[in-house]
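Participant: As listed in Swiss-Prot for this protein:
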type	residues	note
REGION	1-67	region 'Disordered'
COMPBIAS	20-54	compositional bias 'Low complexity'
DOMAIN	71-330	domain 'Protein kinase'
BINDING	I77, G78, K79, G80, G81, S82, G83, L84, V85, K100	ATP binding site
ACT_SITE	D195	active site, proton acceptor
MOD_RES	T230	phosphothreonine
COMPBIAS	368-381	compositional bias 'Polar residues'
REGION	368-467	region 'Disordered'
COMPBIAS	387-419	compositional bias 'Low complexity'
COMPBIAS	432-458	compositional bias 'Low complexity'
REGION	486-561	region 'Disordered'
COMPBIAS	503-518	compositional bias 'Polar residues'
REGION	580-914	region 'Disordered'
COMPBIAS	595-616	compositional bias 'Polar residues'
COMPBIAS	617-642	compositional bias 'Low complexity'
COMPBIAS	683-700	compositional bias 'Low complexity'
COMPBIAS	701-714	compositional bias 'Basic and acidic residues'
COMPBIAS	728-742	compositional bias 'Basic and acidic residues'
COMPBIAS	753-855	compositional bias 'Basic and acidic residues'
COMPBIAS	865-893	compositional bias 'Basic and acidic residues'
Amino acid sequence: MSDDKYHHDKHHDKHHIDSKQSTAAALSSSSTLASSSSMTTTTTTTSTTTTAASPITPKPRKNYPNSADQYELKETIGKGGSGLVQRAICLPFQENVAIKIIDLEHCKNVSLEEIRKEIQAMSLCHHPNVVAYHTSFVYNESLWVIMDFLSAGSCSDIMRFSFPQGFEEHVIATILKEALKAICYFHKTGRIHRDIKSGNILIDSNGNIQLSDFGVSATLIDTGETSRNTFVGTPCWMAPEIMEQVNYDYAVDIWSFGITALELARGKAPFAEYPPMKVLLLTLQNPPPSLEGDGESKWSHSFKDLVEKCLQKDPSKRPLPSKLLEHRFFKQAKKPDYLVQHILAKLPPLGQRYQMLSEDSFAMLRNTSSPQFDTGHSNSADEWIFPNENNDNNNSSTTTTTTTTTTTNPSNNNNNNNNKTKENLTQSPFETPSHTPSTSPGSTPSHSRTSTPTSNHTALGSSSTVVPPPVVPLTLPTAIPVTAAAYHQQQQHHHLSHSSGSIPNHNASSNLGASAHSNVHGLAHSSIHPTSSAASTTVVNNTQQPQTLQPPQQQHQLQQPIKTPSPINAINIVKLNQSDLITPPKTSPKKEGSIPSSSSHGNIPSLVTTSPKSPLQHQQQIPQQQQDPAMINSNNSSISSNGAYNRELISASGSALSKPPSPSSDKENNSTSKSNKSKSRQSSRASSLSESSDSTSHTSSSDEHSSRYESDRKSYKKKKSSSSSSNSKRDRERERDRDRSNKTYKNSRSRNVSRDRERERDRHNRSRDRDRERERERDRDRERDRDRSRDRSRDRSRDRERDRSRDRSRDRDRSRDRSRDRSRERDRDRSRDRSRDRSRSRDSDSRDRSRDRSRSHSNRRRSRSRDSRNKSRDRSSDSDRSRDRSRDRDYKSSKYKKSSRGTSGRKNNKIQSKLDSQATHISYLEDKISTLTNWLQQQNLLNTSNGQVLSPTDPNLVSKLQTQLDVLQSENSYLRNENINLKTIVNGSNSTNNSLNQSSGMAFRNSVSSLHQLNMSNSSNNSRPQTQ
């Protein structure tokens, strides 16, 4: 569309309209359509979207004109369910529109009620995914419906032209998602579409998807019902509940949506190759169709799941459209630009595509002999785009017949279908019966290159002869209605003409209607004997109806394509013109009951179809005697059986019939007396002289002939009476000899004529056989060329399909490889992350364990040291007590001296244990002093590295360390003093105590020196200026 911005702006509302006003508008438009021929329906309802805060006023819609002169029709783009669709230009807006033209007088497939429903549904729909309806009006007994023009056509048309195997999955997801939005809108507004298929899904030039064809949509809001039970839809897409004619609801559109998904995937709907009744049986009896048979790797699991959910025979198990929009399959849907790049970029324009599809389908239909491809009875209501077929108009009140002159062969009837030639068409002057036989494409005769010469002819009496008339154009009399008796007589006449090879003789008193009926029937249904097909002529004579010429306008109206009632036998006019042995019909002497002379009829013109005569043929006709029509009728069967050439003469009443004389009739007529012989010669001379005169001079020539005949007879009597009796015998002998010689001459002449006729017949048969063989050879060559072209086209299509399948397989392989590489990279990254996490967790665990161990060890050491201190303290207190007691006991009596020795040994043991605990505690203090000393040395080294001070030590830290060292020193000195006191008590402990004192003194001295150095460095650092 040229105005895409407006197209989206006028559909920006949320589809909430006043349903009562819209329905009333549609109903009023439909009532006007049924009652008046000047109906004009324009949808002017503007939908509004209101919110709780403030109303939003939409932009005004365009008012399209309601007159046909404001639109310029362009090419045909297809046919819908109820009419022809053409592209047009709206002249006021200069934009493309689609016009559906519906013939209200001859609409066979739809009724006015269906048209009303379709217009009502279109006028109430306003959605970006629904084809927009502008206006409608009546023009020349046709309803014009103006809609948006979607230049890409339907999905079915695109698949038939470029994608016969179906679309890829991304394209299907894009199309189905937009179509599902339109279905959601329909269901929200209380409507059922009931005919969702790819032929009703249209695409514009920008890749936007819209749903069309509301001819079978049902509205549930009008009546307040919750279900429908009408049998509407296309069989392949029809839900099972519609086939069973039970109550159904919105779920039927979900079934059709699933079938449409299969159609877009495979290129055709399930059971599309079967007739409608079998489709109904297969749908009801078989399980629902699915994508399982197409292979596991072709379609994704989400697509299969979508189709399976939609195609549930139980309507309650089918999901809602709003739920289907949330399906994971639609995550692969693309933007409209994707369709433009991958689908619409390589397509020709819609009109050109429609013409190409029409030509291909028409050629396929003509080249096949199957009855299911009959072009005269095709149903074009299925698709938006389909072949251009000539449908018969069964509703017309009158029919027309085709009069053609052909040269055909029964063996090549099927091949003549491909020869497109113009037909000489004339309107029939009578009404054909209601059951008119139709011809199939295989039996349509080809048309000849020559026309049949016609001439006027007048039925003459006894003394009149046939005058060669000039050639005039063939015209038929005016139309005369046919009665029942005339129709019965026509059927009997047709049956006899086909059975015997000649038309029966009827009574001259037949009515005018039967006469006209038989005349035209003789033109259209004349049957010629096989042996005389090249030499027969058809004569039509109007005795009571004057000849009228058709005006140019009427003759132009007669040139319209119609179907011929039956094929017409061949008449080769070239062979007729070249023949020298064809004689015109002879007139017989006037007798009672014979045909009336020209004086009784007057100068009434007639229509004669005959062939020109050669001079030799005219000379041979002069000496022959005239025959009676009764004799000709009696010898008709013998003439046709002997293979002689027939000459048919149809008079005004269809009763007069004359044929050329046979040799047997010549022999009988020549065996008469001498007087009859002279009469025949004189009559032949008179007939030869009268050929150059008109009808008024025939009477005078007949009077001259009679007077001469009387005078010759009188002179002959006188001579005969004056002859002597002596010469009578000799004269009789002479007469006998003359009679014999005349008989032999006539016999030889008749033999020669018959021989010449046989030779000419054989020559004609040979030439006809040669022509037939040539025609057969030509037909064979044409068939060969057609087969070759078909094979080439099939090979090309196969190659194209192979290339497409290869490209698809390559793309699939590439996508698979990419997905595999991506999955492998993901797996590698995951494994790396896992290994890193594991190593980090292991390191952290090991650190935690080591920390825990160190802490546990330190805690254990501290607890041990505390226990040892407590024990040593207890021991020291016990030792002091025991010492005091021992002193007290020493001053007592001597009886306690023995017991004190035993107790002193025990005390020594306790003191030894206390000394051991003090030794361990002293070692712990030394370790702690050494660690502090090492730390101080490291800090000193770091501060004084490379002769520069990196960072000065905090004096608070140094003071804390000093206090800690003091505490340790005091504790150590206390332990040493206690140890000295105890060594006096325990013997042999001097060496260990001295070692302890030396080690503890060295550790203390080291710690004091390191602390002193650290203090010196701090003081030096404080004295220097801080440059960093």
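A Cβ is built for glycine as well, from the same backbone N, Cα and C atoms used for every other residue.
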Participant: Could you give me three numbers for the compositional bias 'Basic and acidic residues' (728-742), the DSSP helix, strand and coil residue counts?
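Facilitator: Looking at the compositional bias 'Basic and acidic residues' (728-742) with DSSP, the answer is 15 helix, 0 strand, 0 coil.
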Participant: Please compute the mean pLDDT of the model over the domain 'Protein kinase' (71-330).
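Facilitator: Per the prediction, mean pLDDT sits at 86 for the domain 'Protein kinase' (71-330).
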Participant: Starting from the Cβ of I77 (ATP binding site), draw a 10 Å sphere and report how many other Cβ atoms land inside it.
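Facilitator: Summing over all protein chains shown, I77 (ATP binding site) has 25 other Cβ atoms within 10 Å.
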Participant: Should I77 (ATP binding site) be counted as helix, strand, or coil on the basis of DSSP?
Facilitator: strand
Participant: Please indicate, using numbers and ranges, the residues of the same chain that are 6 or more beyond the compositional bias 'Basic and acidic residues' (865-893) and have a C-beta under 8 Å from a C-beta there.
Facilitator: 900, 903-904, 907, 910-911, 913-914, 917-918, 920-921, 924, 978, 982, 985
Participant: State the Cα to Cα distance, in Å, between G83 (ATP binding site) and the residue listed as 'active site, proton acceptor', rounded to an integer.
Facilitator: 17
Participant: Cα distance, V85 (ATP binding site) to the residue listed as 'active site, proton acceptor', nearest Å?
Facilitator: 18
Participant: Which residue counts does DSSP give the compositional bias 'Basic and acidic residues' (865-893) for helix, strand and coil?
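Facilitator: Its residues fall into 26 helix, 0 strand, 3 coil.
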Participant: Have a look around K79 (ATP binding site) and count the other CB atoms within 10 A of its CB, chains all included.
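Facilitator: Taking every protein chain into account, the count is 23.
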Participant: Based on DSSP, name the secondary structure state of the residue listed as 'active site, proton acceptor': helix, strand or coil.
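Facilitator: Its secondary structure by DSSP: coil.
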Participant: Count, for each of the recorded positions G83, V85, D195, the other C-beta atoms lying within 10 angstroms of its own C-beta, and report the residue with the smallest count.
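Facilitator: Each of the recorded positions G83, V85, D195 was scored by Cβ atoms within 10 Å; lowest is V85.
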Participant: DSSP three-state call for V85 (ATP binding site): helix, strand or coil?
Facilitator: strand
